[in-house]
Amino acid sequence: SQPHVNPFACYVAPDQGPCRAILRYYFDDDTQTCQRFTYGGCEGNANNXXXXEQCKASCKPETEYEAKKCLARPESGPCLAYMPMWGYDSKLGQCVEFIYGGCDGNDNKYTTEEECLKSCK
């Protein structure tokens, strides 16, 4: 089974933490590859995999667009239509309903909560 990882973890810099040294792997957003780093053994963040295979399974380059789309705040856009939509709120860590105006905005919009959760959780 694939490891369940917060999809946004792949886009933060690795954090070594303050404790003892352990060899780990992190996903480098710039190179879209998994790289070795020395982890302190405590604290740190979720961009931290015990093996290169675990890192690769959690942070595939093809997930970049979807993950970055979910980081943007849902935008209503300048038009005046009344279209209830769902967007992912990365601060709350959940999908929220908002009113889309029908034009512009961004790609963080889904017709159902289920579609939003499937893309962004």
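Residue numbering: from 1, along the chain as shown.
Each Cβ is built from the backbone N, Cα and C atoms, and glycine gets one as well.
If you check Swiss-Prot, you get these features:
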- CYS10-CYS59: disulfide bond (DISULFID)
- CYS19-CYS42: disulfide bond (DISULFID)
- CYS34-CYS55: disulfide bond (DISULFID)
- CYS70-CYS120: disulfide bond (DISULFID)
- CYS79-CYS103: disulfide bond (DISULFID)
- CYS95-CYS116: disulfide bond (DISULFID)
- 10-59: domain 'BPTI/Kunitz inhibitor 1' (DOMAIN)
- 61-111: domain 'BPTI/Kunitz inhibitor 2' (DOMAIN)
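Structure with Swiss-Prot features highlighted.
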residue	record	DSSP (3 states)
CYS19	disulfide bond	coil
CYS34	disulfide bond	strand
CYS55	disulfide bond	helix
CYS70	disulfide bond	helix
CYS79	disulfide bond	coil
CYS95	disulfide bond	strand
CYS103	disulfide bond	coil
CYS116	disulfide bond	helix
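Among the disulfide-bonded residues CYS10, CYS70, CYS79, CYS95, CYS120, the residue whose Cα lies closest in space to that of CYS19 (disulfide bond) is CYS10.
The average pLDDT for the domain 'BPTI/Kunitz inhibitor 1' (10-59) in the predicted structure is 84.
The Cβ of CYS79 (disulfide bond) lies under 8 Å from the Cβ of GLY101, GLY102, CYS103, ASP104, each of these being in the same chain and 6 or more residues away along the sequence.
Checking each of the disulfide-bonded residues CYS10, CYS42, CYS70, CYS95, CYS116 against CYS34 (disulfide bond) by C-alpha distance, the shortest gap belongs to CYS10.
Within 10 Å (C-alpha to C-alpha) of CYS116 (disulfide bond) lie the following disulfide-bonded residues from CYS10, CYS55, CYS59, CYS70: CYS70. Residue counts of the domain 'BPTI/Kunitz inhibitor 2' (61-111) by helix, strand and coil are 11 helix, 15 strand, 25 coil (DSSP-based). A gap of 15 Å separates the Cα atoms of CYS70 (disulfide bond) and CYS59 (disulfide bond). When the CA atoms are compared, the disulfide-bonded residues lying within 10 A of CYS120 (disulfide bond) are CYS95, out of the candidates CYS10, CYS42, CYS59, CYS95.
In this structure the alpha carbons, written CA, of CYS55 (disulfide bond) and CYS42 (disulfide bond) are 18 Å apart.
A gap of 18 Å separates the Cα atoms of CYS42 (disulfide bond) and CYS10 (disulfide bond). With the fewest other C-beta atoms within 10 Å around its C-beta, CYS42 stands out among the disulfide-bonded residues CYS10, CYS42, CYS55, CYS59, CYS95. According to DSSP, CYS10 (disulfide bond) sits within a helical segment.
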